[in-house]
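Features as listed in TrEMBL:
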type	residues	note
TRANSMEM	B:27-48	transmembrane segment
TRANSMEM	B:68-91	transmembrane segment
TRANSMEM	B:145-171	transmembrane segment
TRANSMEM	B:204-222	transmembrane segment
TRANSMEM	B:228-248	transmembrane segment
Amino acid sequence: MIEVSNLSKTYMTHERGHSLREITANLIRRPMKEVQAVKEISFSVGQGEMVAFLGPNGAGKSTTLKMLTGVLHPTSGEVKALGLTPWKQRSEYVKRIGAVFGQKSQLLWDIPPVDAFYMNKAIYGVPDRDYIRTLDRLTTLLEVGDVMRKPTRQLSLGERMKCEFIMAMLHGPELVFLDEPTIGLDVIAKENVRDFIRDMNRQGVTFILTTHDLDDVEMLAERVIVINQGEIVFDDGLNVLRGRLGEKKAVRVTTDIPLPDMPMPGVAMIKRIHESEAELEIDLEITPLKGFIRYFNETYGIRDMSIEPLPIEVVMKELYIGSAKLP
Amino acid sequence: MKGVWACIASVLRTKVAEQMAYRSHFFLSVILLIAGDLLVPMITLLVYRSGASFPGWSMHEALLIQGVFGLAKGIAFPLFFGMVSSTLSLVREGTFDLLLLKPRPALFMTMLNGLDPEDFGRLLSGGVLFGYALSGLPTPTFNGWIHFAALFAASLAVLCAFSLFLSGLLFRWVGSSRVYDIFDSITSFGMYPGTIYAKSFQQLLTYVIPVGIIAFVPASALLGRTGWGTLGAAAAAALFIAAGIAYWHRMLRGYTSAGG
């Protein structure tokens with residue numbers, strides 16, 4: 001569905017000064033700096049996949065997505081998506097894709113979402129029958145029947161986001177780009193949005209998800225692409241990403257005796273909550289779980305304990321700072 | 001073509017609904033626009049009432065030029081000029097991306113996004129002035145009206161080209177709201193009879209930066225003052241809009257969006 005090969009984007013930006021002297025000098029001469037936002041990246045996405053495209057701020061993920069949606073022209077490289085080159089066959093291409101931006105609304109602030117939907121219907125040339133059928137289906141699925149007739153400004157963030165999804169899906173796109181789709185939403189609204197995405201994905205819609213919310217990734221994506229400093233540093237299944245954590249567990253423990261900073265070999269202090277309560281990371285290759293529990297109980301006296309797999313934040317942090325070993 | 005009209009109708013309907021959300025703002029804006037547009041004609045009126053004049057032009061003839069100018073702005077501003085302010089804000093915020101995600105030509109989408117029904121108020125002031133000026137002049141001939149209609153279309157093309165140049169400029173000069181001042185200062189030359197300027201300046205205003213085509217040339221057609229030079233002016237308008245479209249698309253290629 002998407003084939004990306006050696007895609008690069010370089011742009012020029014002004015180097016702005018901070019001091020009064022530099023700012024004054026910039027009035028006359030503004031030095032330019034070349035920024036290589038994306039460096040010859042290649043990957044492919046199959047139909048019906050749900051791929052998380054992740055990276056720290058400024059890594060190049062938004063630039064990549066903008067090239068994939070046809071908004072930006074690349075400096076070099078090729079993209080074939082739905083059999084088309086996005087920036088060359090933009091009109092034909094965008095008719096078949098959708099996009100939801102958590103921080104950029106497509107709705108109109110002062111009028112009800114249904115009016116914006118109707119405007120989109122005309123722009124996409126959706127026939128009346130298809131429009132009514134799709135709108136009915138989506139409003140039922142997202143439970144926004146009454147909401148969409150209120151002015152957008154009166155809607156909650158969750159309701160607005162649901163309407164953003166309707167706006168993006170009305171023309172029946174085969175490929176949808178999601179950029180921070182759950183940003184700012186409460187737990188229930190997040191769950192509703194995730195359910196909707198999963199539902200659409202089951203119906204064959206391909207999703208490319210960009211987010212900093214790793215819960216979204218864990219609950220939605222099957223595959224993760226991580227970009228850092230313009231280069232792809234990871235491209236594999238979510239299970240493989242978890243596997244990179246090695247045999248490690250996260251433990252939250254409360255003890256009778258205060259815990260030292262280095263309680264035992266193979267156990268690292270992640271966060272001290274209280275002098276006798278902490279979050280620890282156990283490397284099971286060094287310290288087996290049984291040995292850890294026995295030693296801790298005998299030495300510090302366990303009062304309460306919970307054991308969980310390490311969150312993927314840990315490996316993401318490693319990938320982001322570039323210290324992770326590549327497979 | 002049907003789809004294009006459906007888009008325009010749908011977006012206009014939505015924009016009117018948006019405006020109606022704040023009715024007092026809408027009516028106040030319309031009144032202020034009308035008052036603003038009538039300022040120069042009022043000065044013209046005062047000039048003539050005090051005994052001075054534009055040499056070779058009666059008061060009604062001079063007001064006719066300003067009436068045509070108002071009519072042209074009354075059509076061009078709601079249809080084309082909104083794209084300048086929408087480019088200004090969308091490029092600065094990085095939300096221009098959303099327009100590029102629509103399956104219509106980028107220029108058409110930018111114009112649609114900039115449709116501004118509020119500016120139709122200018123038609124009222126232009127129409128009143130046009131009617132008042134004509135009431136003091138001999139009735140134009142049928143041929144004069146035909147010429148006028150064709151040249152008025154050229155006038156709209158010139159104004160559309162100006163909006164394309166200004167909008168295109170904003171892809172490079174991000175956030176530069178002063179582009180309106182550029183427009184106002186250049187086009188203000190078009191509100192007066194062209195013959196009051198030196199010959200070379202007249203040529204410049206007709207064939208290079210054709211602001212003379214906005215009002216002076218079409219008004220001259222109604223007054224029966226046109227000659228072969230009118231054809232050249234029409235050609236200049238066609239070239240100007242072609243250059244505007246090419247420039248806008250060239251500048252769009254330099255659009256870098258905002259950080260994500």
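Backbone N, Cα and C atoms are what each Cβ position is placed from, and that goes for glycine too.
Where the annotation comes from TrEMBL, it is an automatic prediction and has not been curated.
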Per Cβ pairs under 8 Å, the stretch of B:27-48, B:68-91, B:145-171, B:204-222 packing most closely against the transmembrane segment (B:228-248): B:145-171
Winner by Cβ pairs under 8 Å against the transmembrane segment (B:27-48), considering only B:68-91, B:145-171, B:204-222: B:68-91
Contacting positions for the transmembrane segment (B:145-171) when only residues 6+ beyond its ends and CB under 8 Å are counted: 68, 71-73, 75-77, 79-81, 83-84, 87-88, 91, 107, 110, 179-180, 182-183, 186-187, 210-211, 213-215, 217-219, 221-222, 226, 230, 233-234, 237-238, 240-241, 243-245, 247-248, 250-252, 254-255
